[in-house]
């Protein structure tokens, strides 16, 4: 298995104007990511608009990613659901495709208790044989799992890491105080990921599952590489670009701003599926302004 660390792009799912999946654009996006030295890929996460994909479409996206990637970089496949049985079904499916790990979110909408959240992860863990990255994203799930709960979840043998999207850079240190094993800690917040790396330590078991790297994969990957090489000046220069773009790409519900940016620089349709909608004119101008400042258009 690959070492799971570094910048993993939370891939968008490109759509055609009729809202069907644009398979050619998706395959081209993967090639472009790999050619820009991205460390890994995450299909069917939040940025993929996964809740709007049918199960058949979900399977197709994962299959395409596995086929085109062809083991050149590791894949962490999203297999989340607020239904435990559906999460098990999806995790078993991605396991059958020999991906490197599954990304499983804290269950959304149901608002389970801490015990219910733990039992959800334990059930997925016990029903499968794949390494699992737990995913905490309170803006989407309405629950911010506590450090104690996350440490309990991470104590399960094959739950090997965490993606935390809170932007709380104290979380890596808090978890280190509670855990008796080494885990990989991914930031899910582009704006604070460099600080998250620093708090995770210099050993390299850290990274970012990124929205921004859809647009600037090389800059984002170079930032992580510079951090590991202890080149803080280079890392901080790259971080400024990541931070500026992150602010623009979250001006409206994600991934609509990212898709609009990619329509300007990568010839990918800005189409998103309802209930998401394309950017307002005001927000289009915000994205365009940032892309111009970064000399991307």
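The first residue you see is number 1, and the count goes up from there.
A Cβ is built for glycine as well, from the same backbone N, Cα and C atoms used for every other residue.
The feature site 'Part of a proton relay during catalysis' is assigned by Swiss-Prot to 46, 109, with sequence analysis given as support. The pyruvate binding site annotation in Swiss-Prot covers 47, 209. What Swiss-Prot lists as active site, proton donor/acceptor is 135, and the listing cites sequence analysis. The active site, schiff-base intermediate with substrate annotation in Swiss-Prot covers 163 and is backed by sequence analysis.
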Quiz prompt | Cα-to-Cα gap, residue 46 (site 'Part of a proton relay during catalysis') vs the residue listed as 'active site, proton donor/acceptor', nearest whole Å | solution = 10
Exercise. Have a look at the recorded positions 47, 163, 209 and say which one has the shortest Cα distance to residue 135 (active site, proton donor/acceptor).
Key: 163
Practice problem: Among the recorded positions 109, 135, point out the residue whose Cβ has the most other Cβ atoms within 10 Å, with all shown protein chains included in the count. | Solution: 135
Self-check item: For residue 47 (pyruvate binding site): DSSP state (helix, strand, coil)
Solution: helix
Exercise. Between residue 209 (pyruvate binding site) and the residue listed as 'active site, schiff-base intermediate with substrate', find the distance joining the two CA atoms and give it rounded to the nearest Å.
Key: 7
Exercise. State the Cα to Cα distance, in Å, between residue 47 (pyruvate binding site) and residue 109 (site 'Part of a proton relay during catalysis'), rounded to an integer.
Key: 18
Quiz item: At the Cα level, what's the spacing in Å between residue 109 (site 'Part of a proton relay during catalysis') and residue 163 (active site, schiff-base intermediate with substrate), rounded?
Solution: 19
Exercise. Count the Cβ atoms, other than its own, that fall within 10 Å of the Cβ of residue 46 (site 'Part of a proton relay during catalysis'), considering every protein chain shown.
Key: 24
Quiz item: Going by DSSP, is residue 209 (pyruvate binding site) part of a helix, a strand, or coil?
Solution: strand
Quiz item: For residue 47 (pyruvate binding site), what is the tally of other C-beta atoms lying within 10 angstroms of its C-beta?
Solution: 23
Practice problem: Look up residue 109 (site 'Part of a proton relay during catalysis') in the DSSP assignment and reduce it to helix, strand or coil. | Solution: coil
